[in-house]
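Asker: Next up is a structure, given as structure tokens.
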Amino acid sequence: MKSLYLPITVDHIARVEGKGGVEIIVGDEGVKEVKLNIIEGPRFFEAITVGKKLDEALAVYPRICSFCSAAHKLTAVEAAEKAIGFEPREEIQALREVLYIGDMIESHALHLYLLVLPDYLGYSNPLKMVDEYKKEIGIALDLKNLGSWMMDELGARAIHQENVVLGGFGKLPGRATLEKMKRRLQEALPKAEYTFELFSKLEQYEEVEGPIIHMAVKPRDDVYGIYGDAISVSDGFEFPSEDYKKHMVERVVEHSFAKHSFYNDEKPFMTGAISRVVNHADKLYGRAKELYESHKDLLRSTNPFANNLAQALELVYFTERAIDLIDEALAKWSIRPRDEVEIRDGFGVSTTEAPRGILVYALEVKDGRVAYADIITPTAFNLAMMEVHVRMMAEKHYNDDPERLKYLAEMVVRAYDPCISCSVHVARL
Amino acid sequence: MEKKVRIGFYALTSCYGCQLQLAMMDELLQLLPHAEIVCWFMVERDSYEDEPVDIAFIEGSVSTEEEIELVKKIRENAKIVVAVGSCAVHGGVQSWEKDKSLEELWKTVYGDGKVKFEPKMAEPVENYIKVDYRIYGCPPEKKDFLYAIGTFLVGSWPEDIDYPVCVECRLKGHPCILIEKGEPCLGPITRAGCDARCPGFGVACIGCRGAIGYDVAWFDSLAKTFKEKGLTKEEILERMKMFNAHNPKLEEMVEKIFQGVEE
């Protein structure tokens with residue numbers, strides 16, 4: 001009998017960053033509606049920083065999100081430096097990328113081991129896995145600690161890094177610290193590879209299999225990385241970062257404090273580790289390149305669960321990449337942490353790859369103050385696509401036990417590694 | 001068998017950084033055998049928001065009508081309520097533009113768009129319920145958590161720090177950013193406990209642990225120093241409001257410095 005339907009809801013999705021819920025409404029014809037309710041309150045970051053001094057605004061932006069505060073800080077600083085017409089020295093740029101990679105390593109390790117893995121192993125909470133999965137929890141903590149320590153040394157702390165300033169850093173770590181960082185990264189490589197092996201064995205649910213449009217920042221210098229000045233789309237299209245508003249169009253939706261984004265105003269799209277791999281695997285090198293070649297079928301463009309494995313691949317890649325960047329910085333070493341900057345009027349757009357995908361900052365500077373700010377985060381870009389995938393899962397399982405459907409729906413959401421706090425601080429119209 | 005302490009970690013509107021700081025502490029693994037996590041959505045799927053707990057940690061500012069109801073419910077269910085971090089204690093950076101109306105801020109970000117939840121201006125938790133203890137910082141230091149939790153577990157109360165960041169900065173021997181570099185460092189009014197982390201990196205303090213309590217936040221004397229360095233009243237207020245927008249003393253004390261003086 002199907003005359004009475006109750007919505008299947010998860011009020012508060014656990015093991016994600018921020019507050020959001022899923023609502024699935026089933027009717028006679030099957031799934032009627034799927035909504036990701038983003039219930040985290042608004043914080044109006046763009047509005048409160050307009051009119052404020054540039055350096056103070058740059059201290060506030062990373063506070064949009066703790067999981068990717070380094071990403072926010074570095075992207076905001078790059079947009080500001082572009083606006084005032086300043087380009088950091090090469091070794092400063094290299095060390096900033098190392099700091100960004102610290103965030104990437106910590107965030108991916110936390111997401112994979114503490115947020116995703118418990119679902120696969122049947123635990124409600126990663127801390128309960130300690131006895132039975134000592135090795136895995138040990139690796140999770142080691143990688144997490146490595147990422148945090150990199151951010152401590154280069155950013156002053158692991159959350160909200162005040163050591164990144166216009167023109168460079170407040171203070172640089174010494175050569176000895178950088179050499180130690182390199183050693184610790186080398187020691188972490190086998191742990192990153194173990195993570196990849198572990199995640200290559202986990203199921204990717206075929207219910208959500210289907211074509212996905214992927215967007216990723218086109219890496220600078222043709223090497224797989226974080227910084228870039230153009231966006232690539234998996235359909236072959238490419239556009240300069242400045243044109244983001246033309247091709248990534250945002251709309252307010254009634255059930256969410258975060259807006260939804262569409263490619264060319266109509267198509268949901270995905271961004272994140274799997275999108276980076278799909279669009280730019282040819283720019284990988286080293287051990288990650290080999291792992292990609294041997295696991296292409298799992299790192300596929302058609303399943304959002306592949307994002308988990310892509311993050312594991314990136315743990316390997318970025319660990320190696322950070323070692324190379326440290327070498328580059330040491331080769332061009334100078335103890336001068338920052339250059340004088342002149343705060344001129346101007347407008348700058350920075351697009352970078354945060355752990356969860358494309359992060360956009362557009363800043364206009366006038367008389368030393370922020371005159372305009374537009375920030376769009378990966379989770380805001382992903383929300384529309386996430387709803388599509390939760391719906392696909394619901395369509396296959398709406399007749400099952402509601403608890404089972406809830407579990408699967410949450411797993412779909414978790415695969416995106418959503419950062420809900422980030423997503424509610426979305427752009428002005 | 002040892003009776004486990006029932007702990008809840010609740011999130012209002014925030015960046016989740018205080019929870020992340022706690023979740024990232026390896027020391028947590030030592031605490032867990034003595035504690036039962038009743039609610040902590042960031043790590044525990046089986047979380048229950050309206051069950052009784054011994055200690056409720058609340059992170060985030062009250063920023064929706066729904067969150068007002070939530071904090072009241074948490075208070076009813078908890079023996080000890082701890083406000084964690086700058087958002088819960090001071091309203092957070094989202095309170096920076098406290099003087100603009102909600103309508104104005106909403107319009108700037110959402111235009112004419114409507115959402116089915118009820119937003120409101122960000123406020124500290126204490127504006128709605130009694131708070132028993134505060135853990136300061138954006139984010140708090142790990143040792144702040146260790147000290148607070150450790151003290152609760154032995155049945156005692158942690159003490160507040162009532163001296164400024166400058167004290168720790170001097171002990172560390174860092175050059176003074178305010179006097180020697182002339183930058184608007186908020187160290188003199190900001191509650192210590194961070195070991196002068198930012199000045200140690202050559203970066204001026206932005207006051208993320210909030211002003212020292214007990215009415216000894218010398219907003220006026222620091223404002224006088226800033227004024228002498230050429231900062232306007234607006235510039236001083238803006239900087240001090242990043243983490244102190246709800247402090248009832250701030251405007252009055254800064255105002256005093258600018259009264260009766262010809263500009």
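Keep in mind that glycine also has a Cβ here, set from the backbone N, Cα and C atoms.
According to TrEMBL, the Mg(2+) binding site annotation covers A:Glu46, A:Ile375, A:His425. According to TrEMBL, the Ni(2+) binding site annotation covers A:Cys65, A:Cys68, A:Cys419. Taken from TrEMBL, the feature Fe cation binding site covers A:Cys68, A:Cys422.
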Asker: If H, G and I count as helix, E and B as strand, and all else as coil, what does DSSP give for A:Cys65 (Ni(2+) binding site)?
Answerer: coil
Asker: Restricting the comparison to the binding-site residues A:Cys65, A:Cys68, A:Cys419, which residue's C-alpha is spatially nearest the C-alpha of A:Glu46 (Mg(2+) binding site)?
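Answerer: Closest by Cα: A:Cys65.
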Asker: According to DSSP, does A:Glu46 (Mg(2+) binding site) fall in a helix, a strand, or coil?
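Answerer: Looking at the DSSP assignment, A:Glu46 (Mg(2+) binding site) belongs to a helix.
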Asker: Under 8 Å Cβ-Cβ to anything in chain B: which of these binding-site residues pass, A:Glu46, A:Cys65, A:Cys68, A:Ile375?
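Answerer: From A:Glu46, A:Cys65, A:Cys68, A:Ile375, the ones near chain B are A:Glu46, A:Cys65.
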Asker: These are the binding-site residues: A:Cys68, A:Ile375. Which one scores highest on other Cβ atoms within 10 Å?
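Answerer: Output for this query is A:Cys68.
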Asker: Including all protein chains displayed, how many Cβ atoms other than that of A:Cys419 (Ni(2+) binding site) lie within 10 Å of its Cβ?
Answerer: 31
Asker: Could you say which of the binding-site residues A:Glu46, A:Cys65 has its Cβ with the most other Cβ atoms inside 10 Å?
Answerer: A:Cys65
Asker: Tell me the Cα distance separating A:Ile375 (Mg(2+) binding site) from A:Cys68 (Ni(2+) binding site), rounded to the nearest angstrom.
Answerer: 14
Asker: Expressed to the nearest Å, what is the distance separating A:Cys419 (Ni(2+) binding site) and A:Ile375 (Mg(2+) binding site) at their Cα atoms?
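Answerer: A Cα-Cα distance of 14 Å.
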